Amino acid sequence: MGEAIVITSGKGGVGKTTTSANLGTALAILGKRVCLVDTDIGLRNLDVVMGLENRIIYDLVDVVEGRCKMHQALVKDKRFDDLLYLMPAAQTSDKTAVAPEQIKNMVQELKQEFDYVIIDCPAGIEQGYKNAVSGADKAIVVTTPEISAVRDADRIIGLLEQEENIEPPRLVVNRIRNHLMKNGDTMDIDEIVQHLSIDLLGIVADDDEVIKASNHGEPIAMDPKNRASIAYRNIARRILGESVPLQVLEEQNKGMMAKIKSFFGVRS
């Protein structure tokens with residue numbers, strides 16, 4: 001049986017959906033069967049980031065309400081043979097259209113067919129959040145170095161730690177801009193990890209190419225040379241249990257990099 005990982009953040013705009021798309025893509029590149037599940041009912045975006053929006057016939061709500069079979073709603077990403085699929089959210093319903101138990105049952109069924117079920121969680125802590133975490137085994141919290149984003153991440157971590165069936169969450173710090181961090185204009189990695197007190201899974205540099213790729217429906221993880229792609233692929237390898245040093249970012253402050261490496265036990 002596979003495992004389900006919910007990707008959450010507490011607030012919108014930190015790159016949660018982009019992270020979901022790229023981690024799913026990276027895991028598929030590594031040969032794992034992956035199903036991406038968009039639980040942001042009424043505000044779906046994962047299909048656009050994946051370039052699959054024109055191929056949706058049925059959606060998550062159709063499945064739980066019995067209007068179609070599970071396999072009829074799954075959208076196959078033909079770029080990855082039989083490895084990557086999307087379960088789209090409904091665009092015309094609201095988040096109360098499904099209950100947590102229904103999502104949990106659906107995820108359990110998906111875990112029978114896939115190595116990884118990546119659940120893209122809506123922003124906030126209301127019904128959409130409850131739906132998304134209901135079937136998860138693990139959680140990844142995405143934040144950016146801004147104080148407001150870290151504060152919201154802290155709140156979500158507190159909620160996740162109350163979930164009996166979810167392992168302790170791990171952290172991805174997204175959209176790192178070295179010059180701002182070096183000048184003290186944003187929180188540095190050490191401050192973020194110490195404040196949130198969870199394991200650091202990976203860091204992703206801010207990169208305009210990520211936005212361009214998402215707008216074209218081609219997750220940046222498909223580009224083997226891009227630095228953000230390398231970061232996402234390394235995060236995927238860590239999810240698989242590999243010990244992978246953090247990528248050294250261009251113009252990275254040496255002192256900060258030493259602190260980051262210490263979290264992974266990597267010697268400079």
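These residue numbers are counts, starting from 1, taken along the chain as shown.
Including glycine, each Cβ sits where the backbone N, Cα and C put it.
Listed in Swiss-Prot for this protein:
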BINDING   K11, G12, G13, V14, G15, K16, T17, T18  ATP binding site
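Other residues of the same chain near the ATP site, with their Cβ within 8 Å of the Cβ centroid of K11, G12, G13, V14, G15, K16, T17, T18, are S9, T19, A123, V142, N174.
Cβ neighbour count within 10 Å across all protein chains ranks K16 highest among the binding-site residues K11, K16. Cβ neighbour density within 10 Å is lowest for G13 among the binding-site residues G13, G15.
Within the same chain, residues at least 6 positions away in sequence whose Cβ sits under 8 Å from that of T17 (ATP binding site) are D40, N45, L46, V49, D120.
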